[in-house]
């Protein structure tokens, strides 16, 4: 029994030690560069999937394993750990830091919720839209963390209002006008069969279940909308960033994936998933009452009055929009415009102003230009006193380096660097070509089935591993697969990336709540992604045409189209 206890206590240590030892025969018996690279890949993949070591620590393994195996030199590996992706991330985090510091995110979220109204269904949709919008520019976790305090404040006020309404209803059922006079008699009120009948069902659910259902829906909606919103922009999730850098590094002749093209292909997917998820969660926990949702001019319930009061009070606390908020908003709009207009495709973008080195400019260029301004523009302006003199403040920029460091996701930066190093090692060692040759028989399957299988495998693995680790492992495998079956790589890489990013878990609720809600949303997500990749995304990238920028790999099978 003691041995078993020790094994359980040190299982992570044993996994770290035994994994490399058990896989060691692979490079010792098959003495090729492909086997040595595969050994490195397997060890890192197991560490990532089990999280035996921190993700960033596991990502550093190629830095010494590749030089020791003679696959890549130390300088070559080190160069893979910092690329264009990291510069883009730095610029975006500068914006996110300023948004969080000056509470611009809270103002945007509250304003959006106020616009949709306080009906429970519309209120939930308002939280989803505001959280999804924030997660387009901030990390999913940050967006959810920003909106959740507002949701909790609304939930607490609803609970208080509903309790008062129930007490009033109970006292009125006994013929009392003043509920305070009936405190002693109300102790046994729930034994009254007439009250039991009133308590039983409201729209098919008990009042108690319905109140708790509202809180569940709000929590789940914030969690899932944070993930769904991140699908729409390259900077919205680490998964999108990893895909973009992998694709542009592997296929430098393409340059078709940028901020604008990704937004165009993903915004319909995100909107459809968001609306269907809203309907699914409403139906699952509350039931969908269309009559009350669209009934105009009706008197607000206690719950709606409480929600409205909290939201109005929270917005008033923010006061008028401040100077730092205004500057942050202007810089945010400017960064977005620079991204969209750099190279829109249908018209010449501003990058055409530099014809000799147009290809040198990427989305990270615009992100860095705007990001650096946050360290330069002062956070306060001169103000005049009553006698007309200027009050001089000490110079403080919109954000400081310490504030930036606290927001910078260094683990993601190192993890992505490790993924790039692995991808480079697979190319140099010819492991990618070996994988492609073994995957060629899959070309006999219909294309839609290959895409669906890829999406389901990635989605399943993501349920037990982190999103960045999963997509980092699968992109170097799926790219050779597309080349081997002579299919445009975007046909497989885009849906796999989006399916990976959709999966999300939230630990604030019961396991059964997450299973019921998550399973439905995962199915919705994969179905919508499949619909998009087979319809409107096809003409955007001319997917049915095999592009010239893909390496020419001999293929003996058709694509099954």
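A Cβ is built for glycine as well, from the same backbone N, Cα and C atoms used for every other residue.
Annotations in TrEMBL come from automatic prediction, not curation.
Marked as transmembrane segment by TrEMBL: 12-30 (among others). Residues 36, 38-39, 42-43, 46-47, 50, 52-53, 69 of the same chain, all 6+ positions outside the transmembrane segment (12-30), place their C-beta atoms under 8 angstroms from a C-beta of that stretch.
The annotation transmembrane segment is assigned in TrEMBL to 42-69 (among others).
Annotated transmembrane segment per TrEMBL: 81-99 (among others), in sequence order.
Sequence-distant contacts of the transmembrane segment (119-138) (same chain, at least 6 residues past either end, Cβ-Cβ under 8 Å): 92, 95-96, 99-100, 105, 108-110, 112-113, 144, 146-147, 150-151, 154, 214, 217-218, 221-222, 224-230, 232-233, 235-236, 270, 274, 277-278, 281-282, 286, 288-289, 292-293, 303-304, 307, 332. Residues annotated as transmembrane segment in TrEMBL: 119-138 (among others).
The transmembrane segment annotation in TrEMBL covers 217-243 (among others).
With a cut-off of 8 Å between Cβ atoms, the residues of this chain six or more beyond the transmembrane segment (263-285) that come close are 121, 124-125, 128-129, 132, 213-214, 216-217, 220-221, 224-225, 228-229, 231-233, 340, 494, 498, 502, 516-517, 520-521, 524-525, 528-529, 531-532, 536-537, 540-541. Here TrEMBL flags 263-285 (among others) as transmembrane segment.
As annotated by TrEMBL, transmembrane segment applies to 321-340 (among others).
For 360-377 (among others), the entry in TrEMBL reads transmembrane segment.
The transmembrane segment annotation in TrEMBL covers 447-465 (among others).
Feature annotation from TrEMBL assigns transmembrane segment to 485-507 (among others).
With a threshold of 8 Å between CB atoms, the same-chain residues lying at least 6 positions outside the transmembrane segment (519-541) that come near it are 224, 256, 261, 264-265, 268-269, 272-273, 276-277, 280, 284, 448, 451-452, 455-456, 459, 488, 490-491, 494-495, 498-499, 502-503. Residues or ranges marked as transmembrane segment by TrEMBL: 519-541 (among others).
Scored on C-beta pairs under 8 angstroms, the neighbour of the transmembrane segment (360-377) with the top count among 42-69, 81-99, 217-243 is 81-99. Listed as Cβ neighbours of the transmembrane segment (217-243) (distance under 8 Å, sequence separation of 6 or more from its ends, same chain) are residues 85, 88-89, 92, 124-125, 127-129, 131-137, 139-141, 143-144, 147-148, 151, 154-155, 257-259, 262-263, 266-267, 269-270, 273-274, 277-278, 281-282, 285-286, 363, 367, 409, 412, 415-416, 419, 467-468, 471-472, 475, 493-494, 497-498, 500-504, 506, 508-509, 513, 517, 521. Counting only same-chain residues 6+ beyond the ends of the transmembrane segment (81-99), those with a CB under 8 A from a CB of the stretch are 63, 105, 137-139, 142, 234-235, 241-242, 244-245, 248-249, 324, 328, 331-332, 335, 362-364, 366-372, 374-375, 398-399, 403-404, 406-409, 412-414, 416-418, 420-421.
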